[in-house]
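J.: Starting off with a structure, shown below.
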Amino acid sequence: LVFCSQGEWVWVDSDIGVPIGARVKETPSGRRFLVNDEGKEESLSPELEASVKIMHPTSVEGVDDMIKLGDMTEAGILRNLLLRHKQGLIYTYIGSVLVAVNPYQDYPMYSGDQVKLYQGRKLGELPPHIFAIAESCYTNMMRHHKNQCCIISGESGAGKTESTKLILQYFAAVSGGLSKQEIEHQILESNPILEAFGNAKTIRNDNSSRFGKYLEIFFNKDGVIEGARVEQYLLEKSRVCHQASEERNYHMLYCMLAGITAEEKRTLSLGDAKEYTFLSKGNCIVCDGRDDAKDYQRVLSAMKTLTFSESQCQEILKLLATILHLGNICFEGESLKDGVCSLQVNKSSLGTSLTHRSFRTNRESVTKPLSSEQASDCRDAFVKAIYNKLFIWIVGKINSIIYQRLIKNPKTSFLSIGLLDIFGFENFISNSFEQLCINFANEKLQQFFVGHIFKLEQKEYLKEDIVWKNIKFSDNQNILDLLAGKPCNLLALIDEESHFPKGSDVTMLNKMNKQHKKNKTYIASRSEHDTYFGIHHFAGVVYYDSKGFLEKNRDGISSDIIKMVEMSKNKLLRQIFENELSTNGTYCLFQIFLKTQVEDAGDNRKQVPTLSGQFRQSLDSLMKTLSACHPFFIRCFKPNNDKRSEVFDRELCMRQLRYSGMMDTIRIRRLGYPIRHTFAEFLKRYRVLLKTTDCNPKIVSLSNILTRYLYFNSSMTFGYFLLQVRGYRVRKDWKQKRGAVILLQAHTRGMLDRRVYILKRSITPEPEEEIIPLKSEPVEEIIPPVSISTTPSQSEEDDDEFDDETEEFSFYKFSILHFQGSATHTHISKRLQQSLLHHDDEGDAVACVSVNWIILRYMADLPEPKSADATSLASSTISRNVPNRRGRRLSNLVGLDQDEGVLIGEGPRLQRPLTPVEKLNIIIGYALSRPNIRDEIYCQICKQLVRNNNRNSRMLGWTLLSICLGMFPPTDLFMKYLENFVRKGPNGYGTYCTERLRRINANGERKELPCWEELKAAKSKEPIEVSVTLMDDRTISLNIDSASTSAEVCQALATKIDLRDTYGFSLYISLYDKMWSLGSCGNHVLDAVSQCEQEMTRQGKQEKDTPWKLSIRKELFRPWHDCSKDSISTDLIYRQVIKGIKSGDYTSEKEDEYVHMAAQHYYIQFGSAFNKDNVQKVVDECIATQLIESKSMSKWIQLISTAVLQVKSIQKESVKAELVDNAQQKWPLFFSKFYDVTMTSGPPLPKSRFFVAVNWSGVLFMDGRDKKLLDLPYIEIKEVQKMRHGELSDLTMDTVRGEFVLASEEAADMAALIDEHLEGLRQYSVYAMAKQDVKDSTFLVFKRGDLLLVERDEHSTNDSWVRATNQRTSNTHLNNIMQYLKQSFTWFSLWFRREKNKEHSRMNQKNVHNVPFSPCHRLAGKDGSRPGPARGFGREKLWIHSREPLKQPLMKSLANNSELSSRACNYMGDYPIKHARSPMELTDQIFGPATQHEVLQDEIYCQIMRQMTGNQSRISLDRGWQLMWLITGLFPPSPGLMGHAQRFLETRPRNQLSNGCLQRLLDPRKCPPHMVEVDAIQQNSAQIFHKIHFPNDSDDIFEVTSTTTNKDLCHGVASQLKLNSADGYGLYLKTPNKVTSLDEELYFFDSLRQTSDPPKKAKKVKEGNTNIPYLVIIRRKLWFNVTPGRDLVADLTFHFPQEMPKYLRGYHNCSREDMITLGGLLFRVEVDSDRSQFVMIPRMLRQLVPADQIKSMSPEEWKKSGITVQEAKIAFLKAISTWPTFGCAFFEVKQSCEPSYPSTFLIAISKQGVSFIDPQTKELLVMHKFKNISEYYSKGSRFQMTVGTVMKNDFICETSQVRARLLISVLAKYFWEKKPIHIIL
């Protein structure tokens, strides 16, 4: 019973058959009544209260995604749409489907700001919007490289066409930012053309699309629109001849008559629309809200954009005029009465073809006159054919333009998004053939829609890892079978009857009734005279009138008409009938639509497809296209039929809900889990139910609420991210049914027991007192009875020894100290009701009770439940990979359900028979996922082993305990007690379990469930034998256990094979073709085996058949690796390298390296003796198969043989060591340890998430396996520190390039490895560089930067005494220099002594490379190759100054482009040039290309630093510093060069520019240095001052830098002038030809270069400066609430001098009195207090009054005042500030597109919007608010602006090219500011 309280919302029944919302109200007297959503009141009687249903809170408030609705019903969805409609929210989601309700008014929600807002955002992040769907389409296409489609459906008037245009505009806006906007504009301009020819006014819609359209937009790989294609479907041709009342013909016919000139009307013999029959049948000539003349101009403009020629436009007008004239033709009897036609055919020929019909008999051709009715039908058929084919031709013409650039390229090279705007489901009073086709299309789309929604639902459940049964949803396949699927379907019967000469609508209907009368989907006619039949569509029953079906399906015109067309001189008419004319007149679609026709039996002409056949073919093609795309759906709704903006017709919307297929979405959702809460939402809503004062959602877990207070039952389930609930109603219905079943069972059992009792009593009557009372049986057994199926105890069983009270750590004593309640330490045969130990977490306590049940079942102390639904639940087995993911919930292990009599945590997954392995996995899974219950699990197992009289149960218990001891250790609290307990284990379990406990405690817990091998080993209590494969193919057998780690295995293996150098050898595991490293650390080996078994299980195979293999490989080298220390290690690495080369793991770009290694391998294996067969063996062993296939075997044998013959006899071990060393040097990345990290801070990199590879050479940041982000040699790493934050650790790496902070789970391991290498390198290091001067004579004297060779004295007993040699002075000193090392030296960690001279020489070469500024970028050899060790010292020192020009670039990347190689030294004067050049010319040549091509920038840096290194010329060095100062202000070096450049500057602090250069390394500029910068630095001045001019003709100088932006300069000017605010000011550059606004985000000097430099053609001049003179002016650009008098400096400097000229030009509309007052003020400004100047007023009028008002003013009318000049200016501003045009930006433009406007007028931009003003009267013509301006652009002198959000209107005008650009900049500035502003130039 529902009790309704005050303010509660409920559902009540309504007249439309769907409940509506109502709210309970209560009067002071206590009377209660309901107020429904419509405002009607109804008394709340007890009967009504019993029938109402409580409304879910989501239906009260409304939601933006209707999937969140608690009331997932028709009523819930309908009310949600109603609530949002009232709030002005027209968009709503239902999952990924967008519901759009037509608002019937303009909404400001489609601006450019909205496009930017939704761009790059995921669906659901922002409120519902059509742009969100468009963005999802675009993003999915770009991310997944799959075509997308958007299906837009709905009734006529629902807004489908506008939705299509909005999506198209979004794509154009997103793509337009990346392209030239030409193709986007052409695609957009196709809309007005298609609308004009294909749309019409209907009763329901003023702009109804009368055809289906599929627009496919093609994008390139960058997301830029490349083209599009339009497909049209089923144009409503009948509208051309017939319109219903209050409807119109197609728009274009009315637009033509309203828009063409009088001359064109005379040419086409046209008049007004009301004169034409085809335009007046609907008695509706004018459509309110449409301007046909304006639309005509818009169509003509669009046709020009789409390159329709003038002649083509005229031909189209001729055909349209012909249609109108043909409609006025009247037929009387058998003759043509009157009419005028523009078909350019003979009038008699036209009359004959319309009034006569020719057909062939067996012998001759016969012509027969037609009746007036038949002639009218013939004329109508001809007219419809003309218009239909003209429309098809126009679509083809549009496609030829917007699809032309795609024709040359394959379609597969582009991605596409399709927009389907197609007619919705139709059900009128009278439905004809068109409705049948339309509804057939909707049935196909409905099937596609429902199938997609069902797949989405399945995908959601799979994503959430929810086990669910297959949903059976309503499929409309039976309807499609009836219409077009099975043989003898309706469309096939219609086609068949259309081909019969005597076929009629009646015969067709009879056949249909006879064939399908037994089909439940088909409704046959009631009688023979009834022409109607019906179909049960998915949206309801529709009755069709069969009259006219065949005629429309035949879609025919006679051969006489075709012959007449063939004789026409109208080119376009012949062109659109080209296909028919090509068949020489045989097209004649069914010359049988006249009843009197006779078919020629000998005519074997091919039958032309019927209209339904063509439509089916097009529809099949469309469905195939849609099926290949990822679809999005938009369901458009109209709230009422009256097109009123605030009316919501429930019944109409309910019908549309059903027609749109939304109810199928609801049905599918309800069958699954309709209610979905995130964990956070659920906790926020229900945490108030907790009976505790601690309701902090950060502390209280979700499981607490579910398991303790909320009756968590089978209607709920956990996913990864959501709690999903089946719903209140479903749960309620289930409980009611269950209650009914229980009641029936109770009565039935009672009846049966009474019968038995009566029967017994009748047979053996006994005294009443001896009657045995009946036992009461439970009605429903939820919990199985505890019937322990145990074997009876045997007398020979020994007593337990586990309850000795005297032992210190006995289990008995532990139970006394820690067990809860009355729990004992002995075996029990029933389940625990609470946990043994106390747990603070209630979830842990619940889990303990559940795991106890499983333990009892595992030990056979309780039987398995006999679930009636065990078969269906068998799929709900435990996922074995759960414990590997610690973040996943316990519900992934077991079903957490709660119901009457079932303990929490025991859902369907446990209420079924489980296998022993499943039970074991559940127990261990609980322990791994909940560490706090591990002691509890051990206690429960031990408890069941104490005094257990069942031998089988005890053995199972000890097996379980032994397995657990290999998986997780107990806590310290229980450790000693457990040790004592297991020591007494029977039958060998004591020793076995004790050892396992010791091992797991030492090595730590496992991460995965036990594998099959250890389960097998647990039964036998034997170790697990594994085989490890070596690289020499030997197999070593080892014994491991559950706790064995990879480090233990590697060490055991090394001991067996006598491997001494074990560093870097790791254990690997492989499965099929996959292999991964387990390292040589604490990773558990059997965890990896368990992962392999999980993969096998996922593939549906047996775990015991898993073919995993273990092997040992070299994973990492030390930087100081020495092959001579361990020959076994060297041999294993050598064999690994050979196998790696063979398998293709180790690759080289050079063929010679393969040959060299193969020759080394030959020598190692066979010695120096040559044998060709052995060479072939070597090729087979170490040359990859692909290489052998690409180059023949014989060629490889020849190459290797040649190399083998050249090998000299040396020791094989040396060759083997050399091969290993080469592999170490060549493939450092393949001998690396990889770590997944996230960079939280540090120098900028392309990505913040990447891999770190640590190897012998350094640390690499990798994006994948191939792309290097950063290479850090150890010499650049200063220090590594680690810090732990929760589960993640941070590693801080301090390098010369900056400090990197990396977060990783393995940060500690990574830090330890890097530290180990750094410390080892320091110990091996022999070189150091001095960081400070030391002049103490008792020590070696050295200066900062000196390189020292440090060697320990072998004869010294003191380790601190070393021998040091200064490489600069060659002085050597033996003393205690070590005390200086930490503070005075930087150790070069890569320079260490090698025992071999060859290696020592190689390392010394590194010494040479690391001294210069940029060692790693040098191009060493002429051929681009790196020089060998022996040749490196004899070459030119590329890092030192030279007066010789470079022969090639320094950078390897520029080896083939040396154009700029010598520019730097030219400026510095180091190399003479033929012709003298100015410094400006040289700096342009040096830096100009580098600002355009980033690859040149490092080259310029290196050349400048090279010429400054070792340069003895003071002049040259000064110029070098000048270049360095300029380049650091232009662009920074690359990250790889940055550190070297910084060190170069830091080591030269004496130069005054050094510190300044360091501070200038900022973001790059776009242009080379400006002349001002070059002049300043040539004068050795780092300060630059520039003159800025003000509107009041004053100026001042201000300091600027190379990195000053225009915005920074504006703020500097405002600060220096002490303005109140810097907002609203902008810079302008004035040259002799133009004034340009400077972008505030650009650098100041870049702006000057871009706008003041001469054109490229004018650069070559004989002499003089090439720079154009310019002025930099600052003006107020944006007026933010400017109030005259508030800021005097701004008023006098900016406001007055900017506003006065606009007033004098006559832009403002002011009264005569205002002009007199203002004139007096301006006169005071001009003459101050000089009264003698009064006589000059007549001559000064142009400086006092507006130009167009001078003649109307008299000199005697001036108001004279005694104020100062300053006061006069302020008074002037205050007077004009009250005008609406104050602060406007004015533009004079010319236009011809709007006849109601003057040809020349003013555009004024103000804070209100864009205003059009008549320049003569100053009256406002129109004002467009900024929110209504959807787009604008200019091209040359043409400016175009589109106004409207839903209905678009284009305005086109012309002005000067400069003014057009300024106009665009003003509009752009407003939109960037995103708030109402005044703008002025």
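Residue positions begin at 1 at the first shown residue.
Every residue gets a Cβ built from N, Cα and C, even glycine.
Fair warning: this is a prediction, and the values are worked out from it, not measured in the lab.
TrEMBL lists Gly154, Glu155, Ser156, Gly157, Ala158, Gly159, Lys160, Thr161 with the feature ATP binding site. The annotation domain 'Myosin motor' is assigned in TrEMBL to 61-738. Residues or ranges marked as domain 'MyTH4' in TrEMBL: 827-1019, 1441-1578. Residues annotated as region 'Actin-binding' in TrEMBL: 619-641. TrEMBL lists 1408-1427 with the feature region 'Disordered'.
Give me the structural setting of these features: burial, nearby parts and distances.
T.: A sphere of 10 angstroms centred on the C-beta of Ser156 (ATP binding site) encloses 18 other C-beta atoms.
Mean pLDDT, taken over the domain 'Myosin motor' (61-738), works out to 81 on the 0 to 100 scale.
DSSP places the residues of the region 'Actin-binding' (619-641) in helix, strand and coil in these numbers: 9 helix, 8 strand, 6 coil.
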J.: Does Thr161 (ATP binding site) have same-chain partners at least 6 apart in sequence with Cβ under 8 Å from its own Cβ, and which are they?
T.: Glu195, Asn199, Asn207, Ser209, Asp421
J.: Mind checking which residues reach the region 'Actin-binding' (619-641)? Cβ under 8 Å, same chain, six or more beyond either end.
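T.: Residues 81, 85, 96-102, 104, 130, 133, 136-137, 140, 144, 146-155, 157-160, 163, 203-204, 214, 216, 231, 233, 416, 418, 420, 424, 440-441, 444, 448-449, 452, 647-649, 652-653, 656-657, 660-662.
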J.: Where DSSP helix means H, G or I and strand means E or B, what are the helix, strand and coil counts for the domain 'MyTH4' (1441-1578)?
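T.: Result for the domain 'MyTH4' (1441-1578), in helix, strand, coil order: 78 helix, 0 strand, 60 coil.
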J.: Cβ within 8 Å of the ATP site's Cβ centroid: which residues qualify beyond Gly154, Glu155, Ser156, Gly157, Ala158, Gly159, Lys160, Thr161?
T.: Asn102, Asn205, Ser208, Ser209, Gly424, Cys636, Lys638
J.: Count the Cβ atoms, other than its own, that fall within 10 Å of the Cβ of Gly159 (ATP binding site), considering every protein chain shown.
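T.: A count of 26.
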J.: Within a 10 Å radius of its Cβ, which of these binding-site residues (Gly154, Gly157) has the fewest neighbouring Cβ atoms?
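T.: Per-residue Cβ counts within 10 Å for the binding-site residues Gly154, Gly157 bottom out at Gly157.
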J.: What is the total of other Cβ atoms whose distance to the Cβ of Glu155 (ATP binding site) is within 10 Å?
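T.: Neighbour count, Cβ to Cβ under the 10 Å cut-off: 25.
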J.: Same-chain residues six or more away whose CB lies under 8 A from the CB of Lys160 (ATP binding site)?
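T.: Those within reach of Lys160 (ATP binding site), by Cβ under 8 Å and sequence separation of 6 or more, are Ile152, Ser153, Gly154, Ser209, Asp421, Ile422, Gly424, Cys636.
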J.: Would you count the other CB atoms within 10 A of the CB of Ala158 (ATP binding site), including those on all shown protein chains?
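T.: Total other Cβ atoms inside 10 Å, all chains included: 25.
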